[in-house]
Amino acid sequence: MAESHLLQWLLLLLPTLCGPGTAAWTTSSLACAQGPEFWCQSLEQALQCRALGHCLQEVWGHVGADDLCQECEDIVHILNKMAKEAIFQDTMRKFLEQECNVLPLKLLMPQCNQVLDDYFPLVIDYFQNQTDSNGICMHLGLCKSRQPEPEQEPGMSDPLPKPLRDPLPDPLLDKLVLPVLPGALQARPGPHTQDLSEQQFPIPLPYCWLCRALIKRIQAMIPKGALAVAVAQVCRVVPLVAGGICQCLAERYSVILLDTLLGRMLPQLVCRLVLRCSMDDSAGPRSPTGEWLPRDSECHLCMSVTTQAGNSSEQAIPQAMLQACVGSWLDREKCKQFVEQHTPQLLTLVPRGWDAHTTCQALGVCGTMSSPLQCIHSPDL
């Protein structure tokens with residue numbers, strides 16, 4: 001994908017800092033306490049145990065800590081700079097207006113557009129000026145804390161390995177991306193606050209649900225894998241032993257960074273910031289199944305077509321993909337156009353034996369659903 005096309009997706013990044021990501025930080029403290037032998041078995045385990053820097057320096061290759069920190073901060077700065085391009089606000093605004101127009105409850109359309117008018121400029125300005133690259137990279141274990149560690153008393157043993165000291169807050173909001181809430185937004189309620197004791201409506205208007213739903217829709221549209229490939233071009237100082245691993249690692253931890261930005265910053269925060277919403281995600285109506293994704297979206301089309309093709313011989317793949325377009329719920333014309341457009345790439349991807357979602361993710365039409373840590377772009381790894 002050309003960089004000019006990637007730019008428009010990068011410009012969607014900052015307002016989605018609080019989107020629901022897919023990185024699951026579930027490795028237990030007991031497992032991580034096993035030490036480097038466990039941490040460095042895979043990139044995902046190194047990340048979950050906050051030992052990525054250790055594994056890169058001591059186990060997987062020879063690289064200085066300062067180099068790793070600079071690489072990580074470079075990636076964050078690149079993403080941040082690209083997100084501030086002139087077309088950013090126009091691209092985001094048009095996308096959100098389109099989402100307002102396809103809300104399942106038409107009564108919400110005027111309120112949705114009013115929320116955009118009132119709060120869109122505030123949110124954009126805030127996130128463009130508050131990203132803390134060092135905090136994000138420190139969370140990944142690629143940068144050291146700028147504050148000296150407290151000295152340990154003689155005779156006292158540390159029960160946990162270094163990467164597990166100082167457990168991270170959950171969410172990370174206060175220390176990473178939102179170090180200080182802006183006074184103007186913190187002090188005054190917005191015109192669309194959820195406080196119904198002060199404003200009486202014929203029905204309770206679910207602005208907080210609306211806010212979260214819009215953020216989730218934006219986050220789902222960002223092709224993290226494609227962005228990581230572009231950002232990997234900054235890889236220049238990781239002299240690992242096997243050829244190609246440098247670029248692969250850059251792609252991998254670019255996706256990790258994106259997941260940190262998109263996944264660990266909960267949608268409740270932005271909506272609380274501008275609408276005084278509760279941090280309780282159970283409040284208000286739930287998003288409809290599939291978050292009102294159209295049934296014939298490219299991701300759905302791709303997964304249906306790929307599933308059908310995966311059950312066929314290599315010679316029969318083209319016919320099998322067209323046969324999938326006769327499915328009862330698919331838009332036949334859109335499906336055929338999709339097959340015609342992507343047949344060359346799918347003929348290469350389908351025989352690799354990946355599941356349908358991984359194949360469509362590699363094609364760039366589905367977002368990351370499971371682990372983002374597979375380096376699918378380098379067949380040698």
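A Cβ is built for glycine as well, from the same backbone N, Cα and C atoms used for every other residue.
Just so it is clear, the model here is predicted, and its values are computed rather than measured.
Annotation in Swiss-Prot places Cys143 in a disulphide bond whose other cysteine, of Cys49, Cys55, Cys69, Cys235, is Cys69. In Swiss-Prot, the cysteine linked to Cys137 by a disulfide bond, out of Cys72, Cys100, Cys208, is Cys72. The cysteine that Swiss-Prot pairs with Cys360 in a disulfide, picked from Cys277, Cys302, Cys325, is Cys302. Straight-line distance linking the Cα atoms of Cys69 (disulfide bond) and Cys137 (disulfide bond), rounded to a whole number, equals 7 Å.
Cα to Cα, Cys211 (disulfide bond) and Cys112 (disulfide bond) are separated by 8 Å. Annotation for Asn311 (N-linked glycosylation site): spatial neighbours Ala320, criterion Cβ-Cβ under 8 Å with sequence separation of six or more.
Cα spacing between Cys335 (disulfide bond) and Cys302 (disulfide bond): 9 Å, rounded to the nearest whole number.
Checked against Cys100 (disulfide bond) by C-alpha proximity, the disulfide-bonded residues Cys72, Cys137, Cys143, Cys299 yield Cys299 as the nearest.
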